[in-house]
Amino acid sequence: MSKTHLTEQKFSDFALHPAVIEALEKKGFHNCTPIQALALPLTLEGRDVAGQAQTGTGKTMAFLTSTFHYLLSHPAIADRQVNQPRALIMAPTRELAVQIHADAEPLAQATGLKLGLAYGGDGYDKQLKVLESGVDILIGTTGRLIDYAKQNHINLGAIQVVVLDEADRMYDLGFIKDIRWLFRRMPPATQRLNMLFSATLSYRVRELAFEQMNNAEYVEVEPEQKTGHRIKEELFYPSNEEKMRLLQTLLEEEWPDRAIIFANTKHRCEDIWGHLAADGHRVGLLTGDVAQKKRLRILDEFTRGDLDILVATDVAARGLHIPAVTHVFNYDLPDDCEDYVHRIGRTGRAGASGNSISLACEEYALNLPAIETYIGHSIPVSKYNPDALMTDLPKPLRLTRARPGNGPRRNGPPRNRRRSG
């Protein structure tokens, strides 16, 4: 983590449980990020927090540190049953739930608190086996949590800490009724520590905080600009016919260490994957149609560096903590202005620099004015020479004929740069 992203406030300055301090220091966390420095003084006093901060600013560690400290500092409810977790962390997507669980594991190992994970699409019996042995902190998506609760595999009557992560995304995905269903089965808000974190604290998110929290304190960390000042943004205007060749030419020119390419539909993502895989790139595909086990494997391979490029729909745009993403390509400009911010927020995280390259084609260029109004600035435009675009391209692979991530990255150095002056 870049030192420029940190405050002078140290975790050791707070009266945190010694086991929590030890776990943080083992992971190299000594100084707080701004959102952590704002939230921890409140949660350590037992006050509810609704926090707004740009992605990649340490929200996850803020609520995990608070959760572990609270459980270690407060006894469990009397007569607590084995199917009653003490803390519940809700996330909008299974990928985010898995990531939060991974971030929590070092704290769990240091403190002895048991973790559980519940998400749909895969692993029902495996997840249930862990829950049946009893967990202290349950992390999951609302659908699977409700499923387990209705079958009495879990009971929320002993909950002492609740975290709602990416609350605005919960609304976007239509999960608000599920959230309220789960809250109704917990002790009253006055008997819990409640935390809500979101990229935006819109009216509807504040309304949820008012309903389900106990006089929450609002803390906000506003970036200098919505897109982050460490992200270099660039925009091209290709024709529909030249769009794919421009992307492949830019990949050869930029030669990114780790890139995510976003498109608006799964079919477009599959087409991009086919072109890049045929051209020898180590590329993975992440859409809603990819089986859950394969999704997790692809994310793991991308995180480890076994894949250089991930082609994704917006299912991957929120909550994923993938380190060292150097480039984000918007193959399609998104229809939702907020998705532009969330997409390019995959790069330039935690004080690092990043690059965002967007293609404003004939189909999606109309989305640009609203995006620029939302982010508060114009995206710098670059020109290219159509005659210099790559032409020696193989026929794209079909998804049914190959699996994402197969094949080595092209051997040899990147080709010469082809942009016009």
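Yeah, the Cβs are placed from backbone N, Cα and C, and that goes for glycine too.
Matching 53-56, 65-68, 165-168 against Swiss-Prot, the residues noted as motif 'DEAD box' span 165-168. Of the listed segments 9-37, 125-153, 241-269, 270-298, Swiss-Prot assigns motif 'Q motif' to 9-37.
Note on THR60 (ATP binding site): other Cβ atoms within 10 Å of its Cβ, all shown chains, come to 24. Taking DSSP states H, G and I as helix and E and B as strand, the motif 'Q motif' (9-37) has 16 helix, 2 strand, 11 coil. Tertiary neighbourhood of the motif 'Q motif' (9-37): same-chain residues 1, 3, 44, 51, 53, 57-59, 61-62, 65, 68-69, 72-73, 106-107, 109-112, 219, 221, 350, selected by CB-CB distance under 8 Å and a gap of 6+ residues from either end. When pLDDT is averaged over the domain 'Helicase ATP-binding' (40-219), the result is 93. In three-state terms derived from DSSP, GLY56 (ATP binding site) belongs to neither a helical nor a strand segment and is classed as coil. Neighbour count (other Cβ atoms within 10 Å of the Cβ, all protein chains): 23 for GLY56 (ATP binding site).
If you take the C-beta of LYS59 (ATP binding site) and look for same-chain residues 6 or more apart in sequence within under 8 angstroms, you find ILE35, GLY51, ALA53, ASP165, PHE197.
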